[in-house]
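*Asks:* Please see the structure below; I have some questions.
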Amino acid sequence: LGQSLLYGTNAQWRGEFFLRGTKRYLPHLAHLCLISTFLEDGIRMWFQWNEQRDYINMSWGSGTVLATLFVLLNMSGQLVGCVLVLARRFVPYACFGLFGIIFMQTVAYSILWDLKFLMRNLALGGGLLLLLAESRSEGKSMFAGVPTMDDISPRQYMQLGGRLLLVLMFMTLLHFELSAFTIFQDIFGMAFIILVAIGFKTKLAALTLVLWLFVINLVQNAFWNIPTYRPLHDFLKYDFFQTMSVIGGLLLVVALGPGGVSMDEHKKKW
């Protein structure tokens with residue numbers, strides 16, 4: 001028993017040492033991963049301008065002018081938002097702009113009726129919510145004067161909401177197949193998903209999910225192995241960068257912690 005406790009203590013100490021060592025660089029990596037899907041999509045719209053415009057025009061019968069304005073707004077909103085996030089300037093406004101982009105794409109590309117893509121878009125929104133929470137800890141609050149209850153600020157509710165929405169990404173990865181490896185993968189993933197959701201051992205659970213999701217992303221979404229002329233290339237590329245954005249959100253959980261609405265925080269009061 002003594003050896004087990006000693007091993008657990010040493011493992012926890014090594015984890016804390018790793019987090020302290022990467023604290024300086026982790027937020028920058030998290031931001032880059034988080035905005036990667038917006039950056040890739042904005043650049044792709046530049047190079048596929050005519051295809052994107054024609055798709056919107058054919059899907060909605062909006063006419064060339066409105067379709068062009070939609071693509072222009074979509075592209076510029078994503079690229080400008082990415083620049084602001086990376087520069088750490090006007091981050092809350094950049095987040096609200098990117099929230100708007102997610103909403104527009106959900107409606108325009110009929111994602112609302114595709115449960116898998118809808119859950120992934122919501123998970124992406126969870127990452128932005130965590131970024132918004134982080135921006136509240138840097139400088140003056142956007143919600144100054146908002147009353148709080150039990151010393152729990154709006155920022156901490158944002159962290160809770162962000163954690164819960166990130167969970168949706170992992171729900172799309174569960175297979176529920178009767179094979180030993182798949183069952184192990186589902187149980188393993190579900191266990192850490194629950195830990196992140198309730199905020200217990202949050203940083204360790206989030207870091208484990210980052211590593212797990214990164215490996216799955218490389219294996220399942222290897223778009224670089226597919227010729228560019230095949231539609232599967234674009235689908236895998238879209239999935240790859242969306243997953244990288246969720247990884248960015250989890251890295252923010254590692255950097256910021258779970259917030260006040262979590263078991264980790266309540267343990268400190270016990």
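From the backbone N, Cα and C atoms, a Cβ is placed for every residue, glycine too.
Whatever TrEMBL says is automated annotation, not expert-curated.
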*Asks:* From the ranges 20-41, 240-261, grab the one TrEMBL calls transmembrane segment.
*Replies:* 240-261
*Asks:* Taking residues 6+ outside the transmembrane segment (93-111), which of them lie with a CB under 8 Å of any CB in it?
*Replies:* 35, 38, 56, 59-60, 70, 73-74, 77-78, 80-82, 84-85, 117-118, 121, 124-125, 128-129, 131-132, 135
*Asks:* Go through the chain and flag residues at least 6 beyond the ends of the transmembrane segment (67-86) whose CB is under 8 A from any CB in it; none is fine as an answer.
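*Replies:* Distant Cβ neighbours of the transmembrane segment (67-86) are 31-32, 34-35, 38-39, 41-43, 45-46, 49, 52-54, 56-57, 60, 93-95, 97-98, 100-101, 104-105, 108, 131.
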